[in-house]
Amino acid sequence: MPIKIPDSLPAKEVLTNENIFVMDEHRALHQDVRPLRIAILNLMPTKITTETQLLRLIGNTPIQVEIELLHPKTHVSKNTPEEHLTKFYKTFDEVKDEKFDGLIITGAPVEQMEFEEVNYWEELKKIMDWSVHNVYSTFHICWGAQAALYHHYGIKKYPLKEKMFGIFPHRICKPNTMLLRGFDDCFYAPHSRHTEVRREDIEKVGEIDILSDSEEAGVYIMKTRGGRQVFVTGHSEYDQFTLKEEYERDLAKGLKIKMPKNYFPDDDPTKPPVVNWRGHANLLFSNWLNYYVYQETPFDLNELK
């Protein structure tokens, strides 16, 4: 989708160089269409990297998308310049009276903390409650998915004996689901987390379909029966070197971290990783935008309930 973003956003130059269709504000205003309004609540510390990864995935198809970047007001970012946040981001208070076709809630490196210990938890709960009636479909990623499952359905997360870290094969659990349209029977996705949600807890709820899982990485993609909420426990948005950067960061901190599985050729960290998840990452986001947002959301967002 051609994405409408500010002309000076750092992601614009990166995506333009990759031939992703980025539309400037002037051109967008002269197209006689209603763009999809997609908000991204960016909880990741490396906000510029994350916004670029997500914009890459929701760009370059025929529907115009207008992006609103959000960050939690109750958290001070240590890794993103305040100038960037002031220029390109809004807080929930600034958009709470608006409605959106879609919302993406990213992951965050806080999954080893109890939800209630996260300093922006109360604000996040308000945003998740607001999303039920002010957003047509919400796409939750990794810790964002765990947070939503816990808040909306009381589904707990459990600590893992060691970090789930690497690229893992997945299977389709529910065939003929539009969210997975075009997916291969076996496909790959990155995971990077210290906790998990369990199938038996999800199945007890009765309102959530498990669409995909992995023998090693566990439950991967879920959605509510109407598709208004999507939960993804991995990081399909990650680019080629994200896991490498996380691995090197943890090594530099002196943490006990194993090499990401199925990532470096021959398990040799000097060799560049081969990306085998990009196609399905693009399918996942384009299917969500097409079948669960564009084809379902009301033309007049004021009719959203």
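Using N, Cα and C of the backbone, Cβ positions are placed for all residues, glycine too.
Taken from Swiss-Prot as is:
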- E111: site 'Important for acyl-CoA specificity' (SITE)
- C142: active site, acyl-thioester intermediate (ACT_SITE)
- K163, S192, R249: substrate binding site (BINDING)
- S192: site 'Important for substrate specificity' (SITE)
- E237: active site (ACT_SITE)
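Secondary structure at S192 (substrate binding site), taken from DSSP and collapsed to helix, strand or coil, is strand. Nearest in space to S192 (substrate binding site), taking C-alpha to C-alpha distance over the recorded positions E111, C142, E237, is C142. In this structure the alpha carbons, written CA, of K163 (substrate binding site) and E111 (site 'Important for acyl-CoA specificity') are 11 Å apart. Neighbour list (C142 (active site, acyl-thioester intermediate), Cβ cut-off 8 Å, at least 6 residues apart, same chain): T106, G107, A108, E111, S192, R193, V232, T233, G234, H235.
What surrounds the substrate site, by Cβ distance within 8 Å of the Cβ centroid and not counting K163, S192, R249, is the set F165, L243, E246, Y247, D250, I257, P260 from the same chain. Look at K163 (substrate binding site): DSSP puts it in a strand.
For the binding-site residues listed here (K163, R249), the lowest count of other CB atoms within 10 A around the CB belongs to R249. Distance from the CA of R249 (substrate binding site) to the CA of the residue listed as 'active site' is 19 Å. One residue stands out among the recorded positions E111, S192, E237 for having the most other Cβ atoms within 10 Å of its Cβ: E237.
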